[in-house]
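Notes to accompany the following structure.
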Amino acid sequence: MEGADLLTAGVLFLFAAVAAVPLAARLGIGAVLGYLLAGIAIGPWGLGFISDVDEILHFSELGVVFLMFIIGLELNPSRLWQLRRSIFGVGAAQVLLSAAVLAGLLMLADFLWQAAVVGGIGLAMSSTAMALQLMREKGMNRSESGQLGFSVLLFQDLAVIPALALVPLLAGSADEHFDWFKVAMKVLAFAVMLIGGRYLLRPVFRFIAASGVREVFTAATLLLVLSAALFMDALGLSMALGTFIAGVLLAESEYRHELENAIDPFKGLLLGLFFISVGMSLNLGVLYTHLLWVAASVVILVVIKMLTLYLLARLYGIRSSERMQFASVLSQGGEFAFVLFSTASSQRLFQGDQMALLLVTVTLSMMTTPLLMKGIDKWLSHRLNGPEENDEKPWVEDDKPQVIVVGFGRFGQVIARLLMANKMRITVLERDIGAVNLMRKYGYKVYYGDATQVELLRSAGAEAAESIVITCNEPEDTMKLVALCQQHFPHLHILARARGRVEAHELLQAGVTQFSRETFSSALELGRKTLVSLGMHPHQAQRAQLHFRRLDMRILRELIPEHSDMVQISRAREARRELEEIFQREMQQERRQLDGWDEFE
């Protein structure tokens, strides 16, 4: 693709995203489906603005690559080891069972047995990009079903390697003398990457961070991700797997959050490009000529994968209310099918329109998932939020609440219990199905739903409520909800949970002054007790705690413009020295005053 054509394609992609995604959100069908429809519109079978789909699709895989790097940052090696049973147990069972059933059906549809095996394996895979995106949107990533879903996706990425190696063997074109030397060199190169990354990455990023230039840090992060992807691609392995490993190696480093912040904007944009490219690849000509075959294939594919996943979730012990979400979010075909089927086609395994039919089936199955998840959400909302079957009076009246509490994790539970103990009328919203079921057993009136949806807030009583307390786990959800309330319910008094200083800065910039850093108050209290244990009078320790809180908050406000810049490091050091000096002067003055308390703890 020439430079001018590339620029034109970029403009078209951005225009399609800007036009389609807000429209999709307004229609309530989700951003992912909006991207897919935008791709169909501008692709060769739509308006025909872009015709070179294969090249763009390969480039757009970088969105999946960046996503897997961020996921790797969220998992340390010990956590990955804890997931080994679900990865190699449930993940392997899903791929093998689904592939076997689908391959059998393809043989009944006049596919050669070799082509049926490849087709079954390809269709058994799910879309990593779509599933992870939907799991984040639905709040599944921290639930048991979300963890199991991630394990299945990770095994599927690992299965890419043997699946690609199987194609030439099935085609009968494999060398009689297998080149073990090449295999050994690939294994050696992979080992070098692991060992080198384990011992070199942190010193390298420490050196780069010392420069204090954020742009260089961002460039180094991009270099790491793209190099890992290129290296794995050269070895014939999954690019996404390479960047995932790089993320895991840096998961325990002090630069984890900075790395995530540097990558996040690129990840979102490239993921959108990936979904648009998938939509562009939909061959409407094949769809028109084989409409019944394709429609039946999509339904059969989704149903078989859902049944398999539901059965495995039940055997694994997932709660019944979470099984449908787990089965639905992984029910589509995936991006790996494009690679596997292209490889099989080059080996002449497919006949006639067989490859085109399979690719159309995969693409359409991806379009069904957002709609399926939306339908299941409505069903779960009706099931969980409907009238109680028993006559027990709920703790919380849901009509005209004074306060809406968003999130009912450990943080939100403390707040809700305090409010209920003081006879406040509250409505609690939670999107973790397991938490909703568990808390309802204890008598709490908790409602299932995504609070970032305006209609849900309105039905929860936001127009009549006085305050909203936001205790979301994800900072992105918190900021989205803040903006939503400020736009649609400006009368609400917003109180929010901040996980750390960065989130506190973002809340202050958004105009939210009432927030609590989740570990700050408890850390201060433990610090006060430590001072008392070292011999300080409780009165002085209490005053020291109050001084520290006030001065730290002042410095927090002063650093607002610099919270996203590496300059904050040097300013924070200066602020710490200033804090110590002011604190020392005030405490010296305090010691000259009479003690207010006489009793020690």
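Glycine residues also receive a Cβ, built from the backbone N, Cα and C atoms like all the rest.
Taken from Swiss-Prot, the feature transmembrane segment covers 4-24 (among others), and the record attributes it to sequence analysis.
Under the heading transmembrane segment, Swiss-Prot lists 29-49 (among others), citing sequence analysis as support. Proximity of distant same-chain residues to the transmembrane segment (29-49), defined by a Cβ-Cβ separation under 8 Å and at least 6 residues beyond the stretch ends, is recorded for 12-13, 16-17, 19-21, 23, 130, 133-134, 137, 272, 275-285, 363, 366-367, 369-371, 373-374.
Sequence-distant contacts of the transmembrane segment (87-107) (same chain, at least 6 residues past either end, Cβ-Cβ under 8 Å): 113, 115-117, 119-121, 123-125, 148, 151-156, 158-159, 300-301, 304-305, 308-309, 312, 316, 330. Taken from Swiss-Prot, the feature transmembrane segment applies to 87-107 (among others), supported by sequence analysis.
Residues or ranges marked as transmembrane segment in Swiss-Prot: 111-131 (among others). Long-range contacts of the transmembrane segment (111-131) within the same chain: residues 32, 63-64, 67-68, 94-95, 98-104, 149, 152-153, 156-157, 159, 163, 166-167, 170-171, 240, 271, 274-275, 301, 305, 329-337, 340-341, 344, 349-351, 354, 358, 361-362, 366, 369, each at least 6 residues beyond the stretch ends and with a Cβ under 8 Å from a Cβ of the stretch.
Tertiary neighbourhood of the transmembrane segment (152-172): same-chain residues 68, 83, 86-88, 90-92, 94-95, 114, 117-118, 121-122, 124-126, 128, 131-132, 236-238, 240-241, 244, 309, 330, 334, 336, 339-340, 343-344, 347-349, selected by CB-CB distance under 8 Å and a gap of 6+ residues from either end. Annotation comment: Swiss-Prot describes 152-172 (among others) as transmembrane segment.
Look at Swiss-Prot and you will find 177-197 (among others) tagged as transmembrane segment, backed by sequence analysis.
Per Swiss-Prot, transmembrane segment is recorded for 207-227 (among others), and the stated evidence type is sequence analysis.
Beyond the ends of the transmembrane segment (230-250), by six or more residues, the same chain brings 61, 64-77, 80, 128, 154, 157-158, 160-161, 164, 186, 189-190, 193-194, 197-198, 201-202, 205, 224, 256, 259 to within a C-beta distance below 8 angstroms of the stretch. Feature annotation from Swiss-Prot assigns transmembrane segment to 230-250 (among others); the stated evidence is sequence analysis.
The transmembrane segment annotation in Swiss-Prot covers 262-282 (among others) and is backed by sequence analysis. Counting same-chain residues at least six beyond the ends of the transmembrane segment (262-282), those with a Cβ under 8 angstroms from any Cβ of the stretch are 13, 16-17, 21, 31-32, 35-46, 50, 53, 56-57, 59-67, 69-70, 129-130, 133, 217-218, 221-222, 225, 335, 338, 359-360, 363-364, 366.
The list of residues near the transmembrane segment (284-304) in space but at least 6 beyond its ends in sequence, with Cβ under 8 angstroms from a Cβ of it, reads 40, 45-46, 98, 101-102, 105, 123, 331-333, 353, 356-357, 360-361, 364-365, 368, 372. According to Swiss-Prot, the transmembrane segment annotation covers 284-304 (among others), on the basis of sequence analysis.
Here the transmembrane segment (324-344) has Cβ contacts under 8 Å with residues 57, 61, 64, 94, 115, 118-119, 121-123, 125-131, 134-135, 138, 140, 145-146, 148-149, 152-153, 156, 160, 163-164, 167, 170-171, 274, 278, 281, 301-302, 305-307, 309-310, 313, 318, 350, 355, 358-359, 361-363, 365-366, 368-369, 372-373, 376, 379-380, 433 of the same chain, all six or more residues outside its ends. For 324-344 (among others), the entry in Swiss-Prot reads transmembrane segment, with the evidence type sequence analysis.
Non-local neighbours of the transmembrane segment (356-376) in the same chain are 28-30, 32-33, 36, 119, 122-123, 127, 130-131, 134, 138, 278-279, 281-283, 286-287, 290, 293-294, 297-298, 301-302, 324-325, 328-329, 331-334, 337-338, 341, 350; each lies 6+ residues outside the stretch with a CB under 8 Å from one of its CB atoms. Annotated transmembrane segment per Swiss-Prot: 356-376 (among others), in sequence order, evidence recorded as sequence analysis.
Sequence annotations record features per position, and here Swiss-Prot assigns domain 'RCK N-terminal' to 400-519.
Residue counts of the domain 'RCK N-terminal' (400-519) by helix, strand and coil are 50 helix, 26 strand, 44 coil (DSSP-based). When averaged over the domain 'RCK N-terminal' (400-519), pLDDT in the model lands at 83.
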